[in-house]
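Reviewing the structure listed below.
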Amino acid sequence: MAAAAAEGAEATPPTPVPAAPAAAPAAPAQPPAKPEADPLIAPNTIGAQLLAGLSGRVAGVSESLVASVRTMADLPALWSATANLLRDPVSQTRLIDAAWKLLLLLGIGLAAEWAVVRTVNRPRHWLDAAAPAANGTPWTWLKRVPLVLGRLLLDLLPILGFGLAVYSLFGLLQPLPTTRLVGLMMANAYMAARAAFALARMFLSPASNHLRLIPSSDATARAGIRWLRRLMLVGVGGYTLAEAGLLLGLPWSAYDAILNLTLLVISLLLARIVLQQREAVAAFLQAGPLAPGEEATGTRLMLRATRDRLAEVWHVVVILWLVASWVIWALAVENGIRQLLVGTVLTVLIVGGAKALDEAIGWAMDRVLHPGPEMARRFPGLAARAAQYVPLLKSIVSAALGFGAVILLLETWGLNSLDWFDEGTLGRRLVDTLLSIASTLVVALVVWEVANSAIQRRLARISRDAHAARSARVRTLLPMLRTVLGAVILVVVVLNALAQLGLNVAPLLAGAGVVGLAIGFGSQTLVRDVITGIFLLLEDAVAVGDVVTLGGLTGVVENLSIRSIKLRATDGSVHIVPFSAVTTVTNMTRDFAFAVLDVTVAYTEDTDQVVQALKEIGAEIRSEAKWKPLIRDDIDVWGVDKLADNGVIIRARVKTEPSSRWPVVREFNRRIKIQFAEKGIVIPRPQPMVMVERAPEPRSPDPDMAQAAQ
């Protein structure tokens, strides 16, 4: 009774009072000062600031995590507090009084609720039968509303009966103040949960689809009510247990542990719901199939791609959001939930805006950088080069937008990323350096493309004007000039980039000079080949298709490289002659040629008649359409050129196109043979001298010797 009197004297439950801080220990003796070592990172730099800020944030988060884990996992302390609570006589009196009176209150309240439920069952069934069947029209849905509201009132009557019974018994039982507070809290929590559950039943109506306001199947409605019951049981039960334990004397650490554990279980249940409904929600979010012959373009294509991507990852995003919410609650982050909501909305806006801007810029690039027919005609190859650079430009723009989006996201989530780019910071210097390097790259690309375009236009003009030889020469020089120009541009860009990054390029240049000297001494022949080839090509000494004599070898030029020339001989043999072996070049097909004719006639022939015959043959050949394009001028007969052993040699020549001398010579020889035979002009033939030696005749034997022999 004394304990009860003491409990009755209390107006409110005891509030935990924090313990007084312990006296600070005496400061230890200061150790002798040590010389400071050179810091790894210089102070007052952006790197030091970033490391200091990062270490501070990591330390704060670590302390919060440790405190939260200690609060949730300090089971021995919780058990000790519970044991002390049970051993205390006053606490025992509270617990016994609360136990039997709360059980009595809840039992009578639940009995009253059951009685009211039995009473309203008949009107509830009548409402279910009176509700119209669903046919998809708004009027049918509106006719359901009064019946659904009536059903809600019938569902609230048992809750009202529970409340009246419980509140009436408080005056009869005269519980202790702590018991009264715990009972009121439990009753209110139960009635609030039952009211919310009744409101959910009003929309889902799992037992009757005639009263269901939200279109769904019976299985979906029952599953929704089942999961809602689990969530409410865990949530209301955990909250009630935490509040009751706090009122009965449990420490604040136990209170926080119970709430954190309750929220963790709720988060796991919600994650389970998300995983169960993953495919259904993905099917709802995914873009539908296109009609036959329909093609999505522009904004519609972007929206369809966004919907498809969201359908793939929505469950991951929701689960991560649940985990973040629980972590923020467990760490007791100030305004954490509000920041999470705002950050989520801003994240969606930033990511969506960056994606939309990226698509818009890509569409604009496709329109602007696509040359028209007139531009493509004036600048050959422009369309192909634009097609090469458009994907690269799109990638660069996407990377820049992605970087900007990441910076904004970090700023949104409280990392103050925009401060990294203030004046004088490392981020600002890094951005300036990257912009300078990018500007150099842009200028280098412009120079490269202008030079390349000029070479291509020159080559196209030469090919259009039928200058095959010059075109071949330009095709030979083009790769070489492109390589040299590319090497120069690359060296300039790399040196500028290294200089922008703060590196000293003088040692690199010196080292490159030493390496160049070593390579020059080791490859003198190769260098001589290259230099000689460059000058031969620049002087237009040879070209593909020319008949030349190089290094004692004659043939048709088939290919020109930077260090050698390939000749095809008359018999098909291929000669590859390095330019270093070329001292004299004889080009037999440059500009024009002369078909030289050396005609031999007998000494008995009239040379004036032979000259006249040659002129007639020349006039006859030049008058024919087949040979007229190949011969530039009339035959030029020089006259008697030499008195040879076998006859008189008369020389003439005909000016022809560069590569036509040999067919013209062959045709002249054919016609000279025919014409001279008709006119009786003798062409001397070689007259070989045959000497025949006879064997000496045998002598007849001497008769006297023959007789003597006998």
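We number each residue from 1, going along the chain as drawn.
Using N, Cα and C of the backbone, Cβ positions are placed for all residues, glycine too.
Caution: TrEMBL annotation is automatic and unverified by curators.
Here's what TrEMBL has on this protein:
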COMPBIAS  1-12  compositional bias 'Low complexity'
DOMAIN    488-524  domain 'Mechanosensitive ion channel transmembrane helices 2/3'
DOMAIN    525-590  domain 'Mechanosensitive ion channel MscS'
DOMAIN    596-683  domain 'Mechanosensitive ion channel MscS C-terminal'
REGION    1-40  region 'Disordered'
TRANSMEM  98-117  transmembrane segment
TRANSMEM  152-170  transmembrane segment
TRANSMEM  182-204  transmembrane segment
TRANSMEM  231-252  transmembrane segment
TRANSMEM  258-275  transmembrane segment
TRANSMEM  310-331  transmembrane segment
TRANSMEM  337-357  transmembrane segment
TRANSMEM  392-414  transmembrane segment
TRANSMEM  434-455  transmembrane segment
TRANSMEM  476-499  transmembrane segment
TRANSMEM  505-527  transmembrane segment
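A Cβ distance under 8 Å defines the sequence-distant neighbours of the transmembrane segment (258-275), meaning residues of its chain 6+ beyond its ends; these are 68, 71-72, 227, 230-231, 234-235, 237-239, 241-242, 245, 315, 318-319, 322-323, 325-326, 329-330. In the predicted model, the domain 'Mechanosensitive ion channel MscS' (525-590) has a mean pLDDT of 81. Break the domain 'Mechanosensitive ion channel MscS C-terminal' (596-683) down by DSSP state and the numbers are 39 helix, 24 strand, 25 coil. Across the domain 'Mechanosensitive ion channel MscS' (525-590), DSSP classifies residues as 17 helix, 25 strand, 24 coil. Of the recorded ranges 152-170, 310-331, 337-357, 434-455, the transmembrane segment (392-414) has the largest number of C-beta contacts under 8 angstroms with 337-357. Only residues 6 or more beyond the boundaries of the transmembrane segment (182-204), in the same chain, are considered here, and those with a CB under 8 A from a CB of the stretch are 98, 101-102, 105-106, 109, 148-149, 151-152, 155-156, 158-159, 162-163, 166-167, 170, 175, 211-214, 216, 221, 224-225, 228-229, 232, 236, 239-240, 243-244, 247-248.
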